[in-house]
Structures are given as structure tokens and as C-alpha cells.
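Annotated features, as they stand in TrEMBL:
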type: ACT_SITE; residues: GLU270; note: active site, proton donor
type: ACT_SITE; residues: ASP402; note: active site
type: ACT_SITE; residues: GLU511; note: active site, proton donor
type: ACT_SITE; residues: GLU536; note: active site
type: BINDING; residues: THR589; note: Ca(2+) binding site
type: COMPBIAS; residues: 170-183; note: compositional bias 'Basic and acidic residues'
type: DISULFID; residues: CYS465-CYS497; note: disulfide bond
type: REGION; residues: 96-115; note: region 'Disordered'
type: REGION; residues: 152-183; note: region 'Disordered'
Amino acid sequence: MTTPALLPLSGRRIPTLSPGASSFPHHRATLRLSEKFILLLILSAFITLCFGAFFFLPDNSKHKRFDFGLEDVLIPHIDSEKEARHSSRQVIHGVGDHDEHRHREEEESLRDKIRADHERALQEAKEKLRKSKEELKAEIQTEKTKVVEDLKKKDGPKPLPPVPMPKLVGVKDGDPGDPDTKEKRDKIREMMKHAWDSYRQYGWGHNELKPIAKKGHSTNIFGNSQMGATIVDALDTLYIMGLHDEFKDGQEWIKQNLDFSVNAEVSVFEVNIRFIGGLLAAYYLSGQEVRYHCLWIFASLCACFFSVSAVRCQLFQMMEVLGRNWGWASAGSSILAEFGTLHMEFVHLTYLTGNPAYYQKVMHIRKLLAKMDRPNGLYPNYLNPRTGRWGQHHTSVGGLGDSFYEYLLKAWLMSDKTDTEARKTYDDAIEAIERHLIRKSNGGLTFIGEWKNGHLERKMGHLTCFAGGMFALGADGSPDDKAGHYLQLGAEIAHTCHESYDRTVLKLGPEAFKFDSGLEAVAVRQNEKYYILRPEVIETYWYMWRFTHDPKYRQWGWEAAQVSISFQYLYLLFSSDELLPLENWVFNTEAHPLPVLHLGNITLPGSETQR
């Protein structure tokens, strides 16, 4: 859960690896026959090895596979015959001879598919090896041109259907009244303006600014392209703070320069929470048209999702409509916090465009997860989209898992509390987290550890500190009258995270901190002793202030303001509750506020019956 930030962008990022590049040999256009034969043998051996490994490696009973009838969700490239065959299957297997027989049939069907894929791959390899370098390059260029033309025809600017604007409350002002608090708020606004002016001078149009070097930087999560990520990410913060001239400068840059028709590989997660979330928030706050830009970005995302799948598509090649997962993520698995952090933005795109396909896509992900077994009730961080198995049994409320849980709760809140399916899923997940991950240290600090292969690692990441605010936000509506319990739990997490700041020399919290061997809330490893502008602690202070008005949260926030940058949450912390009231606004994981959709008698799938 991150906030729009500058110098550089702060975000709940996942480590990235730059994709490798390949090139054709320049000294000749074709391969000799002997070389073709060797390459073909290598390819054949590799495919055979993969084919054999699938059947002969031992099965882990803990990694239960869900029915391959859901392959149309995970791997939609299936023929109509297979689709018809799978449509009649049940998803949850029982016990007995009938189930065993059906299971054997499914395994045989899968073997047939793999054999066919094997033969097809070999045939394609033979055909490719017969082509020269020039033929291959021409073939790629033809495909790229076709994609561009299709996108222009399908996704060019079209009149959007008229939709009623949600009731917008608390967009401006938020004067706290108290002179001392107002002075602090004005100082934070001044800090924001200084950061923006510096970016405007030294890094305009780049994704980030390197403040010491005084030059722009374009991180590889956006394909190393100049997409103005800081501009889009900061628009709503500028508007909330009343920096309207700066807002107009950013808006004009977007109008003239924001272009996703570049050949670059970008993170679906980052594009969704920053670009789509940021543009939606700017539209709702200002009432000024930015929806076309949202739709163009979203057209690229959907092209990836519908040609690959929402679960498999964590990275996408914008102009080539290709998708893949991070190579380092448990053998190319999909990451829970990435495919589970789409709901809020997609619901609003369905609302604004009148097209239900966007919402249906994310609901499909929820239905898929509901059918899967969860070890100890926990959601592992990795899901293999090809086998339908969980990857490593690693569960975390911090990096890799965090915003999945956040979006379950916020789906319920954003639906005006009608999406009871989301609320039930959230409550069940939090119950398992409390049972297995939340502990109290010898010194009395409540922390959230990480579950790894049946064991609790007594380590908490800075990213996990957002959970204090999440527990407070979800307290109202908790089952069994546990609202007080979850508000207290939020306060305990806030205290622990404050201690992680207070126990350092610079009063900045480390990336991760331990609770064992007599050490509590302190970093142990050298690679955990750093701070990268993460806002989760300030975020929790703000939520706790809104729900309790305990002055210590403002005091802690002001301490952090002396040494860190997390402008939006700090500004809200020192504003009155009338600015973006939580009854009317829900913040996405990048702190972009989206209005609650008071849909009246309109019911979306997964919601209660008509009200």
C-alpha cells in the first residue's frame, strides 16, 4: 500500500530482473545444415526432458491441483473441443472409485495434450530453422504492425457512455482548525511543492528523479521508457493540496506526451496501481477528462489478459501484446499480490465505460482462488498458472501478498458494503493469519511473521506495517462483534512499527526487522538496513488517527516528516476528517482515492441481492 511520492517514486515494489536480450548473428543470414541438426536435437531433448519430468517427478500431496477445467481462466489458448470437454467437469474432487476413474481420464487427457504440444513445438522449430534472419525479422515486424493497427481500430478514442458521477464529498480544504496542526500541514505542502519543482526542473517526463545527481531516471518496471510515472502518480496529491497550477502542468504533459504505444515491457501491477489508479483519482477529484488515457492503458492490459490471462500476465510487452511472469518468482509463478490487486481499478473502469468485461475478468480470479485448497487456511504467495498448484508454501502479509488482502476488504467497502463475498473471504483470511502468523514478542511487541513451509519466521517487513491501518479499517463489520479487537490489533501493529523507527539512529524504519535472539524490532542483516521512502507506517498512523484521534499518531507522523517523504498520508494526517472522509472514499494500494460506488438498486456479481 503505497503513496504517490517523488524523489524517487516509492512503491510496494517487488525486486525485478532486467530481461535478457538476444540478437541474430551478423556475419551470415542462415545456419549450416549441421548446426540446424544440432539445434533441433537440443530442442527435442529439452522438450522430451520436460515431458518426462512432468510424469515421473514425485507428486507433493500438499500441493493439491485444482481441476484442469479452469485452464480457460489460467491458459485461455484452448480449442473448442477441449473447452466443451472441460465444461462438464466438476471442480472439487470427492473420494471413491468414480473420482479415481475421472482423475485417470483427466491425466490421460493431459498427456494427450502434452504429446500434441510436443509434436507441434518440434514442427514449429523445424519451420523456424529453415528461415533466414531477414525472413524472421520481417515476420516479427508484420505481426507488430498488425497489433498496432488492431489496437487503433478497436481501442481508439470513442465517446464514453454518460454515467452519473458518484457523490463526491470532501474533495477540498480539510483545514484542521488548530494553528499548530495547520502550520505542520502547511510545511508538508511546502515540502511537496519543493519536490515537485525539483522534478519539474531536473527530471520532467522521466519516471523518477535522482535528486543527488539532479537527473531523470526511468526504472525498468516501466520498461526503461519515459512515461512520466511521477507526474501521473502525483496528480491527485497536487489537487488535494490545492497546488492547482502544478496540477495543470502535469495534466498538460499527460495530454501531450503520455503514450503507451512504445515497445517496452512493463509491470502490470505497477501500471495498474499507478497509472490507471492515478488517472482515475485525478478524474474523480477534478472532474476533468482523463478517462481516455485510462482506457488506452487499459486496452493494452486487456490485450495481454485476454490473449494470455490475468493470472499469468504479470509483465506485458505493450506493443506486442505478449505476457509473462517474473522469472525469479518460484519458477515463473504468478504472485498473489499482483494478480490479486486489480479489483478496485477494474470495477471503476466497468462503471465508467459500461463494459462489464473488465469486472468479470477480476471476478474470475476470485472464483478461481475460492476453488483452491489453502494450507492451514493461508494463501501462499505463488501460484503456478500452468499446473494450478501453489508454488512455494510461503505466506506473507508483507511483500508478495500484502495488497491481495487489502483489496478484498476494499472491494467490500467500495461496493458500499454490498460485496459480502469479498468481506467473507477477507475475514476468513485474517482469521488464518491471526492463528498462524501474528505473535507477541518477549518484550510485548505484536508482530506479523512469515509462514514458510510450515514454520513461522519471526521477521516482519516494512511493507507489512500497512496491516495496522487495514485492521482498523476493517474493524467495523467484523464477525462476532470483534470490532474492538481489530482496532486494538491495529494499534499494536502501529506501536511495533513505530518502535522499528525509534530504535534506529536516524529514526527511519528498516526494510525488515526481527524478533528473536533477544533482538526486537531491529534489522539484523546488512541487506535489511535501508529505507526506500516506504509510506506504510505513515499510512497506518493516518488510519489510526482517523479512528481514534489519539494525538500520539500525529506526534509520530511529525517525527517521521523530519526525515522521510510520504506527502499524501502526512498531509491527510494533519488535515480534518472532512477531507476525503472514509465513508465516501477508498484508497487503492498506491494511495489514489476512488469514490465508493453507491449503486442503489444496481447489483454486480458477488454482491448482495438488490437493495
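Each residue's number is its place along the chain shown, starting with 1.
Just so you know, glycine gets a Cβ as well, placed from its N, Cα and C.
No curator has checked TrEMBL annotations; they are predicted automatically.
Remember, it's a predicted structure, so these values are computed and weren't measured experimentally.
All protein chains considered, the CB of CYS497 (disulfide bond) has 28 other CB atoms within 10 Å. For GLU536 (active site), the nearest of the recorded positions GLU270, CYS465, CYS497, THR589 in terms of C-alpha separation is CYS465. With DSSP states grouped into helix (H, G, I), strand (E, B) and coil, the compositional bias 'Basic and acidic residues' (170-183) comes out at 5 helix, 0 strand, 9 coil. In this structure the alpha carbons, written CA, of CYS465 (disulfide bond) and ASP402 (active site) are 10 Å apart. Here ASP402 (active site) is compared against the recorded positions GLU270, CYS497, GLU511, THR589, and the shortest C-alpha distance is to THR589.
Comparing the Cα of GLU270 (active site, proton donor) with the Cα of every entry in CYS497, GLU511, THR589, these being the recorded positions, the smallest distance points to THR589. The Cβ of CYS465 (disulfide bond) has 31 neighbouring Cβ atoms from other residues within 10 Å, across all protein chains displayed.
A count of other CB atoms within 10 A of each Cβ picks out ASP402 as the most crowded of the active-site residues GLU270, ASP402. For the active-site residues shown (GLU511, GLU536), fewest C-beta neighbours within 10 angstroms: GLU511. A gap of 11 Å separates the Cα atoms of CYS497 (disulfide bond) and GLU511 (active site, proton donor). Each residue contributes its Cα atom, and for the residue listed as 'Ca(2+) binding site' and GLU511 (active site, proton donor) these two points are 18 Å apart.
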